[in-house]
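K.L.:
Questions regarding the structure given below will be posed in turn.
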Amino acid sequence: MLWSLLVRFLKPAWPLILAVIIFQLAQSITSLWLPTLNADIIDNGVVTGDIGYIWRTGGIMLALTLIQVACAIAGVYFGSKLAMSVGRDLRAAIFDKVVNFSEREMGQFGAPSLITRNTNDVQQIQMLVQMTSTLMISAPMLAIGGIIMAVRQDLGLSWLMVVSIPALIIIVSLIIVRMVPMFQLMQKRIDRINQIMREQLTGIRVIRAFVREDEEHERFTTASKNVAEIGLRTGNLMALMFPAVMLVMNLSAVAVIWFGAFQVESGETQIGTLFAFLQYIMQILMGVMMAAFMFVMVPRAAVSADRVGEVLHATLSVKAPEKPITPAKSTGEIVFNKATFAFPGADEPVLNSVSFQVKPGSTTAIIGSTGAGKSTLIGLVPRLFDATEGVITVDGTNVRDFEPLELWSRIGLVPQKSFLFSGTIASNLRYGNEEATDAQLWEALAIAQATDFVRELPDGLDSEIAQGGTNVSGGQRQRLAIARALLKQPEIYIFDDSFSALDVSTDAALRRALSTHLPNATKLIVAQRVSTIRDADQIVVLENGEIAGIGNHENLLKTCTTYKEIVDSQETAQAQS
């Protein structure tokens, strides 16, 4: 997965890759040339006392060093730019994929895991790209080129490389093999701590209400300790690598000096040649060490690439049609024809052969006990998920045949959990219509019965909204979400229990305003309160995923036992209160 992912996202950046290769190649060549010049300056300049030769060769070495530094800086710059571009494109690809996820895929991965994959996992891949772009040429060039140059300098001492290089490779390999499963476990534990933190931040009021601070603190502490534990174990192994490599390098240097001294004494080797051989063997081992550090990052990046790949290659349960159809008419008619839905692996369907028609410009309400399938049913219209059997049509066209954007342009959805983005009231409302004027914003707020509380705020439409709308009440949040949907001006409005946080009088005023200002729009309302749906043109009663009754309020009281029980229970509760 890592290789295919890198090929896919590195291919468009080939000019940067070419620049990195050129500068890294130039840097490596100058690095390999310098020890030979150093040997020459010692043997032909210092030993013979030729000052002119020392100045000339020294000048060449200085020029090569400056070229080496310039190439190194350029190589790192283009390598960093390459890594940043890969990280940017990866995050964009994940985002583009996730925004097309249905409820099923979102439930499969979970928000905390998706956040980790788009941040921490992408960062691991980005770090690998940056490291390899810096070392992918210099490491093998130093290792292979160093071996060739060292053999040219002194074949008699070359047997030392046969001992030191395999020893270094074996040590590094043993450490890497142990680190791979640790990296996999670390990513899972990071996912877990993100999940706990998200739950605690979003549910802080519940935690405080039930005085569960100590228990939640203990749960977070345990998850944090688990991450710290695996991080410490991984860090210990990584920390072991550098001294192990340095031990092999220092022992090799001692061996070269020791055995080289005998050859210098016997006249087989010159002093400059010995120093050059020592430098080359250090370059060889340095190249192996750099490759080792690069390979240390590969297992962790491979784990991250697998997790990113799971998102990018996830099969979408809701797909756009190959040949979309756009209906000629736009009336707002909705038809459910034997709609059935079951979650993967479930024994029983949530919805079972549900059939009814929502006429254009009418108000249809859906009521039933908790878990009856109300929200699932209306979620089939905008394709939050697709029916496993049956057909849902909008304006006579199967919703599966719509271009998704075209389908959504016809629908204004106010979900059960109204969500507001961080920003201002105005910016949140303009999610429904970017071009809306302030006058249109106030009009939508008036219909949604939100004008009074917005005017009372110091900055009115420019008042700040915290992430998720946590600085406004549940009822205010619902009314702002309704106003946002109104600004979209679609032909179909879907209210998924969107009046539940409103008091009875506000609920009634809002419904009257909707009837007055949206006479031609189709309205599909899910509600728990009978008072909210009493005046609907059509009421659908769901029980265990099936239609228990359909009709208006008066007819259902006579013909539907389930509906009558709901009405009686709510009237009894109101009387007792």
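The backbone N, Cα and C atoms fix where each Cβ goes, and this holds for glycine too.
A TrEMBL annotation is a machine prediction, not a hand-curated record.
Okay, so TrEMBL annotates it like this:
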type     : residues : note
TRANSMEM : 12-34    : transmembrane segment
DOMAIN   : 18-300   : domain 'ABC transmembrane type-1'
TRANSMEM : 54-78    : transmembrane segment
TRANSMEM : 127-151  : transmembrane segment
TRANSMEM : 157-180  : transmembrane segment
TRANSMEM : 240-262  : transmembrane segment
TRANSMEM : 274-298  : transmembrane segment
DOMAIN   : 334-569  : domain 'ABC transporter'
K.L.:
Any chance the transmembrane segment (12-34) and the transmembrane segment (240-262) have 3 or more Cβ pairs under 8 A, given the pairs are 6 or more apart in sequence?
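P.N.:
No, these stretches are not in contact.
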K.L.:
With CB pairs under 8 Å as the measure, which of the listed stretches 127-151, 157-180, 274-298 comes out on top against the transmembrane segment (54-78)?
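P.N.:
Most Cβ pairs under 8 Å with the transmembrane segment (54-78) come from 127-151.
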K.L.:
Under an 8 Å Cβ to Cβ limit, what residues of the same chain, 6 or more beyond the ends of the transmembrane segment (274-298), are close to it?
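P.N.:
Long-range Cβ neighbours of the transmembrane segment (274-298): 2, 31-32, 34-36, 38-39, 42, 124, 127-128, 131-132, 135-136, 138-147, 149-150, 153-154, 157, 160-161, 164-165, 168-169, 172, 175-176, 179, 238, 241, 245, 248-249, 252-253, 256-257, 260-261, 263-264.
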